[in-house]
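First up is the structure itself, then whatever we jot down about it.
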Amino acid sequence: MLLQAFLFLLAGFAAKISASMTNETSDRPLVHFTPNKGWMNDPNGLWYDEKDAKWHLYFQYNPNDTVWGTPLFWGHATSDDLTNWEDQPIAIAPKRNDSGAFSGSMVVDYNNTSGFFNDTIDPRQRCVAIWTYNTPESEEQYISYSLDGGYTFTEYQKNPVLAANSTQFRDPKVFWYEPSQKWIMTAAKSQDYKIEIYSSDDLKSWKLESAFANEGFLGYQYECPGLIEVPTEQDPSKSYWVMFISINPGAPAGGSFNQYFVGSFNGTHFEAFDNQSRVVDFGKDYYALQTFFNTDPTYGSALGIAWASNWEYSAFVPTNPWRSSMSLVRKFSLNTEYQANPETELINLKAEPILNISNAGPWSRFATNTTLTKANSYNVDLSNSTGTLEFELVYAVNTTQTISKSVFADLSLWFKGLEDPEEYLRMGFEVSASSFFLDRGNSKVKFVKENPYFTNRMSVNNQPFKSENDLSYYKVYGLLDQNILELYFNDGDVVSTNTYFMTTGNALGSVNMTTGVDNLFYIDKFQVREVK
């Protein structure tokens with residue numbers, strides 16, 4: 001009887017634990033693109049239709065399941081404002097069920113160098129896709145052209161246009177290099193750790209010019225390269241070239257990530273200024289960054305978007321009937337005066353989120369010109385929140401304060417669920433480490449609790465953007481969108497993107513600001529705005 005009673009008690013305890021966790025969350029992001037259904041990964045073929053003022057996003061897509069698998073297609077979405085996206089029919093399909101239309105890029109062939117177009121097609125809509133055809137036997141570079149502005153495509157009859165007798169040769173990114181009047185392609189010899197650079201007159205015949213190889217973090221393989229001219233923040237008329245390389249697996253924090261190199265390009269060779277591998281985004285969920293072929297100049301010349309997930313756990317993310325979202329589109333510039341530490345300035349990629357919201361609520365300012373103490377924490381009511389909101393926090397550390405290294409001297413923000421405040425995000429800054437931290441593990445979603453690769457806690461080093469009157473100032477902008485968080489520190493000098501998951505319907509209901517020490521933190525500004 002004792003054994004029977006014990007087993008009954010144990011079963012009841014297990015049932016209680018199971019009931020306290022949920023398997024899925026159906027809260028879809030509002031301002032981050034997600035497919036209606038199915039699986040999505042890398043962004044592809046980004047371009048701007050100048051005739052119709054329309055932005056095009058293509059992406060790796062499996063409409064038949066919520067995990068990666070073949071056949072793999074190019075999904076398609078369009079936008080008028082880079083924030084609100086409309087799903088379109090599949091754009092490019094593979095020829096076999098065991099194959100895939102893998103990642104690639106789009107160009108606008110204004111001058112009809114390919115010969116695919118006649119005068120009935122507006123030069124601004126002469127788009128050609130350059131993509132990898134993947135089969136179990138090989139990876140080869142194909143091209144397809146569109147006669148209707150990027151909605152349907154015809155495959156070039158003489159494909160492939162580039163082959164290397166390899167199963168690891170992919171992700172062509174093509175742009176027009178004006179000085180030489182040639183098309184330039186970067187493509188990854190993934191497991192040779194090479195980014196090969198090719199040139200072409202017509203998009204059909206390609207000449208190998210050089211290779212950028214064995215640089216930075218190697219990981220298991222290189223993927224999704226890109227080469228783009230990026231203007232400097234200090235003087236937009238001046239620019240440098242940036243080489244982007246994705247790594248998967250083998251990222252320093254686990255799984256996948258993006259790195260970049262700053263240098264020069266002469267039409268055939270890219271040369272990095274130094275041997276530093278720089279990190280594009282310090283979060284766990286930002287991969288396969290691709291930049292737009294062309295842009296609306298009012299937004300800037302260097303725009304990009306990334307897949308907001310990580311290959312370590314992307315197949316297990318608890319959303320349904322879709323998996324994965326894209327990051328916000330970001331405007332990139334180069335800060336040539338980035339203060340890496342008090343003695344060194346570096347060239348650093350700066351990111352600014354592009355967010356066009358017509359129905360956002362007003363900014364509500366909750367703290368201004370205030371010294372934070374343990375007794376005067378701030379509580380912000382978000383009971384009408386949809387689960388998507390922005391916040392801005394400008395704070396300073398009193399450098400005259402002496403704090404023991406054994407004290408966790410933090411400023412913390414607690415974003416709590418409305419229906420269940422035991423689910424929350426905690427983020428903030430700790431003085432001794434000079435780092436901003438995030439804890440995304442306080443959830444009752446089973447995936448968050450049980451998946452060992454979904455790192456609950458992470459941090460990123462922060463340096464002050466200014467110091468005056470014994471105060472060192474820091475700035476952070478954050479966007480929380482149902483299950484994805486983007487953080488921009490000091491106007492985008494450092495960025496961190498991470499997903500998080502709470503029980504379905506448990507929208508953010510409050511924000512609390514606390515500290516563990518008195519009179520250390522000065523709050524210059526803290527404000528919140530709901531996105532509806």
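Glycine too: its Cβ is placed from the backbone N, Cα and C atoms.
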Swiss-Prot substrate site partner of Trp39, Met40, Asn41, Asp42, Gln60, Phe102, Ser103, Arg170, Asp171, Trp311, selected from Glu223, Glu229, Glu233: Glu223
Per-residue Cβ crowding (10 Å cut-off), top of binding-site residues Trp39, Trp311: Trp39
Number of other Cβ atoms within 10 Å of the Cβ of Asn356 (N-linked glycosylation site) across all protein chains: 14
Inter-residue Cα distance where the pair is Trp311 (substrate binding site) and Asn356 (N-linked glycosylation site), in Å: 29
Rounded Cα-Cα span from Asn64 (N-linked glycosylation site) to Asn41 (substrate binding site), Å: 14
Of Asn41, Asn266 (the recorded positions), the residue whose Cβ has the fewest other Cβ atoms within 10 Å: Asn266
